[in-house]
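A.B. asks: Copied straight from TrEMBL:
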- 50, 83, 86, 250: Fe cation 1 binding site (BINDING)
- 83, 121, 213, 248: Fe cation 2 binding site (BINDING)
- 45-251: domain 'Calcineurin-like phosphoesterase' (DOMAIN)
- 1-28: signal peptide (SIGNAL)
């Protein structure tokens, strides 16, 4: 009997260890979570950012249309591109703002699915670790900010959710940001870039999609993020990333890189918008809308179909992309090697 009990304990410990390996990163490895699609061979998601305003600034109306589209597409999950709770995140895991901005707003049945979350700069001016605390999932189990940066593996696509606020140098000159588990900045950024690069190399998913709060290329109010242009963009281009999805700019936009296949998608219209301010970018602006709304994404192993919707659910813009199953990353071999050779991340 003692031998049986010992064997049972060994099995339990092994199972627990396996779970921890799934949810916690080892050295030089980003946290991973597996999310197989509900419908074999296809994946459907929504992406929205810059939303948490207690339903104000049309947040509730955007949420309602997300529910309608989410039901139509039978979505697998939602991605939030950050700035989840305005103006200064949450104070702790029992802060009533969390329910007022999230639980009480996104009530449609189709939205009762996992939300994979990145933090924005407004989340960092509150208690940033509270949004990552497992206790927040006891308040609402959908809310999955599993780590500062992590990967969602769906088989059809790998989503690399990145913590971009630490890149933004001017934030470090202010004492209002919660840099616990981040400082020192240079070490944190270098480790994150190395981990992302390794993960992208290892990825075998047909689609590689990176998500961050801040834009790399943008024609809206905030414009390009210099630090991401210098440090992150070369990796995306070298490693065959298909799309970079962001928020921060309170608008919707689709921008094509002029020197790589990367597509830049902004979905930051979850509530307050209409800034009426625009910037220039050297990339090609395919679509820009200075208003509220969200984005949907439908993927198979060979096809991607993206749609931008406004606050009334009207289709504003769509984008389609196809690839052969044997494609590596869309680059001609010589051009790919040239870009990879240009990466130098040694100096932050």
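Note that Cβ sites are derived from N, Cα and C of the backbone, with glycine treated the same way.
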A.B. asks: 213, 250: which of these binding-site residues has the sparsest Cβ neighbourhood within 10 Å?
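C.D. replies: Lowest Cβ count within 10 Å among the binding-site residues (213, 250) is 250.
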A.B. asks: Compare the Cα of residue 50 (Fe cation 1 binding site) against each of the binding-site residues 121, 213, 248 and report the nearest.
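C.D. replies: When the Cα distances are compared, 248 comes out closest.
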A.B. asks: Inside 8 A of the center formed by the CB atoms of 50, 83, 86, 250, which other residues of the chain have their CB, for the recorded Fe cation 1 site?
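C.D. replies: Neighbours found: 49, 51, 52, 53, 82, 120, 122, 247, 248, 268, 270, 271, 272.
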A.B. asks: Roughly how many Å lie between the Cα atoms of residue 86 (Fe cation 1 binding site) and residue 248 (Fe cation 2 binding site), rounded to a whole value?
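C.D. replies: Answer for this pair: 12 Å between alpha carbons.
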A.B. asks: By a simple count, how many Cβ atoms lie within 10 Å of the Cβ of residue 50 (Fe cation 1 binding site), its own Cβ left out?
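C.D. replies: I get 30 for this one.
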A.B. asks: What other residues of this chain sit with their CB within 8 A of the center of the CB atoms of 83, 121, 213, 248, the recorded Fe cation 2 site?
C.D. replies: 49, 50, 81, 82, 119, 120, 122, 123, 164, 165, 214, 247, 268
A.B. asks: Do me a favour and check the Cα-Cα span between residue 248 (Fe cation 2 binding site) and residue 83 (Fe cation 1 binding site); whole Å is fine.
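C.D. replies: Cα of residue 248 (Fe cation 2 binding site) to Cα of residue 83 (Fe cation 1 binding site) measures 7 Å after rounding.
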A.B. asks: At the Cα level, what's the spacing in Å between residue 83 (Fe cation 1 binding site) and residue 121 (Fe cation 2 binding site), rounded?
C.D. replies: 6
A.B. asks: C-alpha of residue 121 (Fe cation 2 binding site) to C-alpha of residue 250 (Fe cation 1 binding site): distance in Å?
C.D. replies: 13
A.B. asks: Give the mean pLDDT for the domain 'Calcineurin-like phosphoesterase' (45-251) on the 0 to 100 scale.
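C.D. replies: Taking every residue in the domain 'Calcineurin-like phosphoesterase' (45-251) and averaging pLDDT yields 97.
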A.B. asks: Identify, among the binding-site residues 83, 86, 121, 248, the residue whose Cβ has the fewest other Cβ atoms within 10 Å in this structure.
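C.D. replies: Fewest other Cβ atoms within 10 Å, among the binding-site residues 83, 86, 121, 248, is found for 121.
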